[in-house]
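Visitor: One structure, pasted below without further comment.
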Amino acid sequence: MDKQPATSWSIHTRPEIIAKYEIFERVGSGAYADVYRARRLSDGLIVALKEIFDYQSAFREIDALTILNGSPNVVVMHEYFWREEENAVLVLEFLRSDLAAVIRDGKRKKKVEGGDGFSVGEIKRWMIQILTGVDACHRNLIVHRDLKPGNMLISDDGVLKLADFGQARILMEHDIVASDENQQAYKLEDKDGETSEPPEVIPDYENSPRQGSDGQEREAMSKDEYFRQVEELKAKQVVRDDTDKDSNVHDGDISCLATCTVSEMDDDLGRNSFSYDADEAVDDTQGLMTSCVGTRWFRPPELLYGSTMYGLEVDLWSLGCVFAELLSLEPLFPGISDIDQISRVTNVLGNLNEEVWPGCVDLPDYKSISFAKVESPLGIEGCLPNHSGDVISLLKKLICYDPASRATTMEMLNDKYLSEEPLPVPVSELYVPPTMSGPDEDSPRKWNDYREMDSDSDFDGFGPMNVKPTSSGFTIEFP
Ligand SMILES: Nc1ncnc2c1ncn2[C@@H]1O[C@H](COP(=O)(O)OP(=O)(O)OP(=O)(O)O)[C@@H](O)[C@H]1O
């Protein structure tokens, strides 16, 4: 199939779409997609039509949303259109606002009126909704990989829904999904990671993928089974990490910093010479994933250090960053470059070493970047000085170096913090902003945005450093 995008106005000329929808204004656009408000002609329902220009991104989003259909905190996909040489168009429920706008308005209100920002009850309710959405993903072994406030959309009545699954990956076949005949019909990626042609036009599917072909709701996975699967996955990751050493993944060209060579350094010091998702399709054969995903402020250390063997835990770090931002109304780690991002994390958590994360020395870029010893790290409590010990210790369960130590969504949801006084407010009492956040109000650019940039070297304005050539590239030391 041709992966080149059709022109962005193509949506207005597609007979199968305009036969069913009246298309209004464009309401948003991202790196891979334009989104339009539209009205379904049959019943007047207002929907969002998301035209996706990137083939892989479309596959991922359709695949994930099909599996997650019916989860209350994930955006609903009513149907999608996709045929050869056309962009995929997803018909999504229309959501007016997002969590970035909630934080933006909370910050403005605090500036004008003073006070603490959101009440504890409001924060708890937002967190419960976010955790429930991510829990649905993780139960299906879907790692979102781009969790941030701008990808958490909000309905008029305050229901938060995870959106933008263009970077999501399904970590392995899940028995609930695999046993679903209906799902098989829509499955776009087979077990070997080979992609098949998408179906021509898929009508509304009445049967949720979480239902059997008989339409009966499947039994929810038990907590024990859930933890068993997560543990199994973690064990697999350890095995893979060991395999890494043998297969020399350390030197793989998919790591963002590892792609730099000494000659590139001369021309373009540290500007991210990297390969983006296109490489991931190749790496699928080895079960590797790209580290170049997500939005910098929410990206966990394992990705910043170039890991290609990571799991659901990347989302847990991002969750911690979102939680901290809800509490303080400021981003926790607002890095201005990728090195600055690592440096900010180091200043708060201390230096990354075997003591805090056994095995970290095997991360692809661990030996390439070193910082002077941080004698007294600020700690999460230093970043959020006015918050209770309970909330700080909960945050620490997410914002920690060792991915295996991060609390699962289920553990977070069961934490007493969320059920004790002050209780979470009802969803109907949550403030819903009238609009989405603007493009500048969310967070900085993604990895792929660098491709079109002239500057923003990772090292601009970063202070002194020692760069030493090595046989495989270079090392950078920040004294
Ligand atoms: N269901 C929806 N209802 C209303 N607006 C939406 C919806 N989905 C997306 N949008 C709007 O369109 C914008 C782009 O959508 P989205 O983030 O999904 O696209 P993307 O290209 O994958 O973005 P990104 O660059 O963040 O990866 C969003 O920021 C939002 O403003």
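Each Cβ is built from the backbone N, Cα and C atoms, and glycine gets one as well.
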Visitor: Looking at ATP binding as recorded in Swiss-Prot, which candidate out of K50, K107 goes with V27, G28, S29, G30, A31, Y32, A33, D34, V35?
Guide: K50
Visitor: Based on the annotations in Swiss-Prot, which residue of T13, T290, T295, T435 is described as phosphothreonine?
Guide: T290
Visitor: From S196, S247, name the one Swiss-Prot lists as phosphoserine.
Guide: S247
Visitor: Test of record reading: of S119, S179, S455, which one does Swiss-Prot tag as phosphoserine?
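Guide: Of S119, S179, S455, Swiss-Prot lists S179 as: phosphoserine.
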Visitor: Of the recorded positions listed here (V27, S29, Y32, A33, V35), which is spatially closest to T290 (phosphothreonine) when Cα positions are compared?
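Guide: Comparing Cα positions, the candidate nearest T290 (phosphothreonine) turns out to be Y32.
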Visitor: List, in sequence order, the same-chain residues at least six positions removed whose CB sits under 8 Å from that of Y32 (phosphotyrosine)?
Guide: I52, F53, D54, S57, G166
Visitor: Based on the record's binding annotation for ATP (V27, G28, S29, G30, A31, Y32, A33, D34, V35, K50), what whole-number value in Å is the widest Cα to Cα distance?
Guide: 14
Visitor: Starting from the Cβ of D146 (active site, proton acceptor), draw a 10 Å sphere and report how many other Cβ atoms land inside it.
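Guide: Here the count is 23.
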Visitor: Including all protein chains displayed, how many Cβ atoms other than that of V27 (ATP binding site) lie within 10 Å of its Cβ?
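Guide: The answer is 18.
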Visitor: Most Cβ neighbours within 10 Å: which of the binding-site residues A31, A33, V35 is it?
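Guide: When each Cβ's neighbours within 10 Å are tallied, A33 tops the list.
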